[in-house]
Amino acid sequence: METEDVTVREQLFHDRVRETIICVLLFICLYILSHFILTHFKKNAEFVTDDIEDATVNKIALWLCTFTLSVAVCAVLLLPISILSNEVLLTFPHSYYMQWLNGSLIRGLWNLVFLFSNLSLVFLMPFAYFFTESEGFAGSKKGIMARVYETAVMLLLLSLLVLGIVWVASALIHHNTARESLYDLWEYYLPHLYSGISLFGVLLLLLCTPFGLSRMFSVTGSLLVKPRLLENLEETMNCTAFEEASLSRKLKSNTSCWISANIETINNELLSVQSKRIALELRKRASPWQRNLGYPVAMLLLLALTAVSVLMVCFHVLELLFDESAMPRGMEDPHLGLASFSMFGSLGAAVQVVIILYLMVSSVVGFYSSPLFTGLLPRAQDTTLTQIIGNCVSLLILSSALPVFSRTLGITRFDLLGDFGRYNWLGSFHIVFLYNMLFAGLTSACLINTVTWALQRELIRAFGLHRLPLTVSRSTIPLKLLLANGLSKIH
């Protein structure tokens with residue numbers, strides 16, 4: 001009997017060591033990837049200053065940002081890894097080489113991401129910001145430790161402020177008296193705080209994702225070569241070259257006679273023409289397949305992904321009305337390898353993974369395209385450390401809410417593991433139902449508006465109507481007139 005107990009304990013020990021090694025290796029890979037990303041965007045002048053103390057503080061803050069970004073990337077991969085792991089175990093149920101892939105590993109990964117994401121949001125990122133802004137208390141000895149002391153005091157005051165706000169909000173909502181013990185602080189107020197942060201992230205995804213789905217078409221179109229109907233590329237390039245040469249001669253001749261405003265106007269026109277010429281040269285160097293097939297295929301793929309996402313949400317709305325199991329809930333044991341989380345098997349699971357990643361990319365595009373957050377958009381080798389901290393916090397909020405977002409919309413039937421499924425608002429049918437309806441409505445409206453306006457704009461450019469001296473708007477030229485004009489030109 002003792003031998004069997006020892007064997008069981010040894011097996012549990014080896015399993016725990018194996019899971020720890022796998023999680024550490026995964027995190028190291030994500031940390032290295034995040035380090036390269038932040039190195040590409042950071043402003044090098046802030047890390048090579050003459051003040052060694054400031055440079056050291058900035059490096060420490062950058063390390064914390066790298067840790068936070070790696071946690072955000074891991075949060076994005078939670079659902080894809082879980083869904084694909086289940087399908088792998090279904091395909092190879094008795095494989096010796098897949099024994100390391102089990103429910104305990106996936107559950108531990110979810111718990112670690114939840115812990116580190118809240119640690120980064122509540123402690124690491126505020127510490128990094130206050131640390132870079134601190135100078136030490138007045139009258140104290142200057143140095144790194146003086147900044148650490150000031151940052152610790154600021155964090156303590158901020159924590160008291162946040163806990164006070166949560167205490168007041170809980171008392172107003174639940175009409176309870178103040179809870180004083182540390183047990184109530186850990187078991188009552190912190191879950192409310194985590195639930196509020198997750199609700200904010202899910203609402204932010206609700207606003208950013210539909211807008212990002214509509215922006216994906218224009219962003220993808222700017223990266224590809226667009227086909228032009230009835231366009232002579234050589235003639236357009238010659239006209240652009242003549243226009244550029246004319247502006248250059250006008251700028252060089254009698255520069256002293258021009259006032260500064262005119263010179264600035266000509267410079268702007270010259271830059272616009274040069275960028276147009278570069279775009280035309282890229283189109284000329286592109287192969288016929290890229291010019292005529294790449295753009296339509298990419299647009300059709302984006303349209304298909306968006307349509308599938310909306311259809312899945314609409315189907316989930318019907319499920320909510322007739323099936324209680326469609327409600328998002330938490331679970332302790334994922335039970336991997338028993339059944340597929342999609343009615344279409346492995347193919348459906350692969351589609352779920354693609355849709356989840358597509359929604360995350362769309363939410364990021366929508367976030368940086370919104371007027372409120374355009375200033376956070378990172379620029380290569382020109383992003384300040386404060387902007388990096390803001391970007392890491394924003395991406396972490398979006399990514400940590402992605403599992404709850406995907407399960408609430410019914411993109412997957414994989415229930416939330418660990419503390420992700422303990423949010424208070426997940427059990428409310430009215431909140432979940434209204435959330436699904438808002439997402440489907442906003443996405444459909446943004447998609448219809450983007451497709452119709454993009455179609456009219458491309459037809460205007462294709463048939464040469466953009467060269468008219470008058471401003472062409474949607475109300476000026478109806479779609480039927482554009483189609484009739486195009487057919488007459490073809491004939």
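Cβ atoms here come from the backbone N, Cα and C positions, even for glycine.
TrEMBL entries are annotated by machine, without manual review.
Per TrEMBL, the features are:
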- 20-39: transmembrane segment (TRANSMEM)
- 60-85: transmembrane segment (TRANSMEM)
- 105-131: transmembrane segment (TRANSMEM)
- 152-173: transmembrane segment (TRANSMEM)
- 193-213: transmembrane segment (TRANSMEM)
- 293-318: transmembrane segment (TRANSMEM)
- 338-368: transmembrane segment (TRANSMEM)
- 388-409: transmembrane segment (TRANSMEM)
- 429-455: transmembrane segment (TRANSMEM)
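Counting residues 6+ beyond its ends, the transmembrane segment (293-318) has Cβ neighbours under 8 Å at 213, 216-217, 220-221, 224-227, 326, 351, 354-355, 358-359, 409-411, 433, 436-437, 439-440, 443-444, 447, 451 in the same chain. Count of Cβ pairs under 8 Å against the transmembrane segment (429-455): among 60-85, 193-213, 388-409, the largest is for 193-213. The list of residues near the transmembrane segment (388-409) in space but at least 6 beyond its ends in sequence, with Cβ under 8 angstroms from a Cβ of it, reads 38, 41-42, 61-62, 65, 68-69, 71-73, 75-76, 78-79, 113-114, 117, 120-121, 125, 128-129, 132, 197-198, 200-202, 204-206, 208-209, 312-313, 316, 328, 356, 359-360, 363-364, 367, 373, 376, 378, 415-416, 420, 423, 426, 432, 435-436, 439. Counting same-chain residues at least six beyond the ends of the transmembrane segment (60-85), those with a Cβ under 8 angstroms from any Cβ of the stretch are 26-27, 30-31, 33-35, 37-38, 42, 47, 101, 106, 109-110, 113, 116-117, 120, 124-125, 127-129, 131-132, 334, 336, 341, 349, 352-353, 356-357, 360, 385, 388-389, 392-393, 395-396, 398-400, 402-403, 406, 412, 414, 417.
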